[in-house]
Structures are given as structure tokens and as C-alpha cells.
Amino acid sequence: MATLIAPDHPSAVEDAEALQKACKGICIDILQLDHAIIQKTLLNNEKDLIKKLSEKWLKRGSLETQRENSPKQMATIDVPHQVSFLEDAEALRKACQGWGTDEKAIISVLGHRNAAQRKQIRLAYEELYQEDLIKRLESELSGDFEKAVYRWVLDPADRDAVLANVAIKKISPDHHVVIEISCTRSPEELLAVRRAYQARYKHSLEEDVAAHTKGDIRKLLVALVSAFRYDGEEINTRLANSEANILHDAIKDKAFNHEEVVRILSTRSKMQLMATFNRYRDDQGTTITKKLLGESGDEFLVALRTAVRCFNDPKKYFEKVLRNSIKGIGTDEDALTRVIVTRAEKDLKEIKDLYHKRNSMPLEQVVAKDTSGDYKAFLLTLLGKED
């Protein structure tokens, strides 16, 4: 009564070759094998062999991950060409054992690994020690250093989900953080953030944004976090002209909360929006961001201007966030950490260059002056400059 149809003359060699071909290019993480099963079924010498194979596959995996996820030209982190996830996990375990924590060892490992590598290190650590690396680091570290390391070790989408949740759950919500995530991430990245948020908090991001806002600001933020824009380079010139006029009329009449303004900002592709903003500048002789300058107490106007700045020139936006986090009395560590951690693998080099040009001082020098200890050392590592 079996339904499986087997060949009359199977060939083990041909089957092996077919399986090898099917698995070509796939890095098998041998550490994913359940340790309990390994202990029950393998002899001691076979366990040693498994460990050696683990190191071999992990090194191969790290190399392939490095090739596929190599830091972009504008990233600042320095990632080695060859790493072993197993050795990294062991080094982190050693750094957290005994009296005191070896913070320098933690920085030397995690500060020089990209997102894909950090994920594999977390998996290797959990399989080796049946312990969550992130939770262990949270228990070992403290203060701004702990917060920076925690956010760095998370997957980028999960990190943004945490940043968004913290921002909207504050007594006075940080709307600009939600806008920043919504308007500077690609459509696929924002979709991944929404999925990560739902998995972590058992609510949708849109639901929580709506629950912690009201009125016009709610309409704008929900529309922005819900967007899935076209991500290509094609633009419609006639559409840019007409929508530049719509924005001009709304701004002239101070109808900033007009539904057409929200529609344009929450549905158009970034390239289309830039064409519209450029058309506005050409027609009006000034940028739309300058026209949106108003009372700092106008919550909706501030949010609208933040969104336009994030769309129009995100590097200039992030440079200003960094500048504001450092200037004056005291340091806004949350903002400083957020920008460095989220942009180190993307475009932080360009942001650094822009900061230097606008402030006549290297960002690393200012960070070194305004921070201290392990927190300072970690930020400088992500900036590409060792303390």
C-alpha cells in the first residue's frame, strides 16, 4: 500500500553526485545539530571530528558571508577577510567569564563584524553554550556601552523595531525616530522592520504608532510606516510638476495637514519625491524645507519637515542629528548611538566627511572628547578609528 515509487536499479554514486550538486554553494552550519542527539549517537573520536568539521564549515561560511555582505565603500567598520564564528563565540564566552568582564575583547570581536557575521556568532554561541549571547552581554555590560553593544548585535530590522518601540512608548514620543526609520530605509528594509516588530511585540508597528499618537500626526506617521514604495529610478516629470504645485498651494495656505500632502509623502517613490522637491525649488526659488520652517512647538510641521529632509538628503539629516547630539552642554547619547550604530555599515563615511566639512573638526575627535571609557572605545571602533 506504499505510495513511494523507487527505481529498480538505484545508483548510490549518482545519488551522491546529485545531492552534492544540489547543495553546492550552501554553507551547512554543523553547529545547528542538536547537542543532545550528538552526545547520544557519536563516539568521542567522532565528536572531535565534528568539532573540526564545525570549524572548517564556519570558516567557509564566514568567508562566503563576507563576500556576499562585504561592507559598502561608504561603511566605516573594518571587517577582517577571514573569521571563525566558533572562535569568536569562544572569545566572547571567555570575555564574560571570571572576575570582571573583558570589554576590550568584546569590542575587538563585535566591533569588527558585519550584520551577517554577528548573526552567525550568536547562533554559534547559543549552540555551544545553550545561552543567548545578547542576554549574556546585557547582564555583563552597563550604561551607554551596554545599550550601544545591544543595539549593534541585533539584526538591523530587529534593531529598528526596538528603536521604534522605545521611541513611541516614551511619555513624550520621539516622532522623529519613527519618521527616520520610515523614510530612510528601503521599502524592503521597512517591510522587514514591520515583520520584526510584530514578531517581537505581538502588535503591528502601525497599531502601536496609532495607539500612541492622535490627530494629524497619527495620520502622517501611520501612513509613513505603512508605505511600501516603488524603489526604482523612473520618474514622471509631469507628475512632479503637478505635485510640486499641490505642495506649494498647501504651504502657501498653511494647510500643512492637507490630505494631499500626506498622500504624496506616503505613496511616492523616493526618486519621484526628489524630482517633486527639485521642481518646487526651481519654481519657488527656495527649498521646501525652508518653506516648512515654523514654530518649533508645531508638532505636525516639525514632523513634516523631518520627513522631507529624510527623503531629500538623508546624509545631511544624519549629520545634523549627530551635530545636535554633541553640541552644547551635555551629550544626547541615544541619538549619537543610534546614528553611528545604524549607519556604520551603510554610509557613515560620507556622513563623517560631511560633518568634518560643516564643523571643521573630525567626528571621531568630537566623539572622543564627549564620551568616555568603553562606550567611547566602541563608538570609535564603529567609526573606523581605534581609541
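Each residue, glycine too, has its Cβ placed from N, Cα and C.
Curation does not apply to TrEMBL; its annotations are automatic.
Here is what TrEMBL records for this protein:
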{"type": "BINDING", "residues": "GLY98, GLY100, GLU140, ILE326, GLY330, ALA368, ASP370, THR371", "note": "Ca(2+) binding site"}
Seminar exercise, completed: Across every protein chain in view, the count of C-beta atoms other than its own within 10 A of the C-beta of ALA368 (Ca(2+) binding site) is 17
Exercise. Taking the Cβ of ASP370 (Ca(2+) binding site) as the centre, how many other Cβ atoms fall within a 10 Å radius?
Worked result: 17
Exercise. Among all the protein chains here, how many other CB atoms are within 10 A of the CB of GLY100 (Ca(2+) binding site)?
Worked result: 9
Problem set entry | Among GLY98, GLU140, ILE326, GLY330, THR371, the most crowded of the binding-site residues [Cβ within 10 Å] | THR371
